[in-house]
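Step one of this worksheet: look at the structure below.
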Amino acid sequence: MAREYKIEDYRNFGIMAHIDAGKTTTTERILYYTGKSHKIGEVHDGAATMDWMEQEQERGITITSAATTTFWKGRDGKMRRFNIIDTPGHVDFTIEVERSLRVLDGAIALLDANAGVEPQTETVWRQAEKYNVPRMIFCNKMDKTGADFYRSVEMIKTRLGATAVVMQLPIGAESEFKGVVDLIEMNALVWRDESLGAQWDVVEIPADMKDKAEEYREKLIETVVEIDEAAMEAYLEGTYPDNDKIRELVRRGTIDVKFHPMFCGTAFKNKGVQPLLDAVVDYLPSPIDIPAIKGIDVKTEGEITRKADDNEPLSMLAFKIMNDPFVGSLTFARIYSGKLEKGTSVMNTVKEKRERVGRMLQMHSNSREDIEEAFAGDIVALAGLKETTTGDTLCDPLKPVILERMEFPEPVIQIAIEPKTKGDQEKMGLALNRLAAEDPSFRVKTDEESGQTIIAGMGELHLDIIVDRMRREFKVEASVGAPQVAYRETITRQHEEDYTHKKQSGGTGQFARVKIVFEPNPEGEDFAFESKIVGGAVPKEYIPGVQKGIESVLSSGPLAGFPMLGVKATLIDGAFHDVDSSVLAFEIASRACFREAAKKAGAQLLEPIMKVEVVTPEDYVGDVIGDLNSRRGQIQGQESRGVAVVINAHVPLANMFKYVDNLRSMSQGRAQYTMLFDHYAPVPSNVAQEIQAKYSGQK
């Protein structure tokens, strides 16, 4: 099967929005107008279109897929292939948001015409900024009371520090909104209400809007000629670019993230969606318009580039794992280079395992389709992968590459969770395991002593969302305990311990003597073991028992029973008995030896230190810094980003609980923060005593 659409005719994009800006409705309308079986502009039987729309309205097209493939005929009459990638609504799910931003090539940022740029819009915008994602803006909900397009344009400049290039002006607002002025063609599009937005009339610009349209067209041209020297010179000499040239310049500036074309409409009332789709074709990049993806060559560890080309070796990134009621576990992957055939084996370079591609699906808005082959630029859902998790690279086994070394930080916060009814116990276990498979930064374990189920994640909000998803998706109601910080323990000085284990009580006895030097591991936080035994003081076959014994007690330190980090143990001497010694005897001896030594080797409590980034308007910088200092935070630096200030700090996790509420009230909801685990550091002694007293009582 040959490629159906050229790669330059692909658009992989997402819709970014504040939770209430109308993302679902806009996506639904896009899927409706681009629906595979009902291309607007082709099957133009109003009645059929109406029926389908009503049916879909009753059922509500819910986009349960992480990526939906659909098609659209551009202004030039040529079909394009769209892959719409779902970007999560929860911005605090940093890992997931950033991953979806990674696999899309461009985005539409939605604004609510009534609210303009809201705090969460700022957050999503800044994340897209970090990945340099080309964006267009759609000012939605123009029919809402209080809708104000021009105020939204102003807020983009003041709140986001971005340049919006206005491409359309609204005709009317609130309940009077009926169409838009196209500033390139200089005509007006007015939608017919009776066709549910499927049809519109191209008319002259209303007389009372002609001056405004001229003014905004002038601004549009002024902005776009700046990116092209020849066009700029011609413009200064009085020669205006023609419409095709304007579009070409808007496209270049958008892809280079110099500015953002802005459109308006109301998805709910079906007005303005088709021109937005034409704009996706005209202004957002295809996979070959953006820099080729870089990866690490598994063999040489050097950096390599994989171009978006079917003839390059296969490379793809698994960006989402979802459970599908019909197919089971589906792995969504973006193919960056090469092509993939059903039934072939691919290499998972992160897990170093081969995977066989069983079924390969293309997801459409209201159907799924089995496909035999997929190409560079495609987004596919793969069934039957056993080892692959989010963030893994799948590639040609002969040309291995790792596209992204996903560093999933260790969870830093944990809470006990239990189902509200005994009958939900099993359902809760299944739900938690599925959620853990989808999100590598979330873990589930059982506390051996209390038998409680413990969930661990990247922060309070992360775990709140998990509990919320359990309720919504798996219908399991759960109660949660208070959050607990994942402390650790270590040793701070060298200590030599000599220990003999003897047991004589009839029958075979036990005997083992070990002499071990314990010290902080200079190599880092892992456990290191070395044997310097010479002359057979401890026979070779017993040495693994010594290591195993120490490892078995590392999970519970001497101060408050927390796992231990950064310990090195060197076995230097020992003794054995021909009859009474065994691997088990040496295991017991080394276990007791370490327990004794840990108390004498300067045991110390460690706490997780978080890397906190706060993005705030300038007015609140003083308050934010003062507050972080009061939380034992250390400010690492600050910089301006657009009209906002970014403050970086290291703060102990124990002092970050409920921070989100404080920050919101301090900044009237305009500042936001992200928090990632950075490192472990010693707990100040006064705080350490409190923690020890609290936890020793529990152990």
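Placed from the backbone N, Cα and C atoms, the Cβ positions cover glycine too.
The domain 'tr-type G' annotation in Swiss-Prot covers 8-288.
K23 (GTP binding site) counts 22 other C-beta atoms within 10 Å of its own C-beta, drawing on all protein chains shown. When secondary structure is read from DSSP and collapsed to three states, K23 (GTP binding site) falls in the helix class. Marked as GTP binding site by Swiss-Prot on the basis of sequence analysis: 17-24, 86-90, 140-143.
The binding-site residues examined here are A17, M142; by Cβ neighbour count within 10 Å, the least packed of them is A17.
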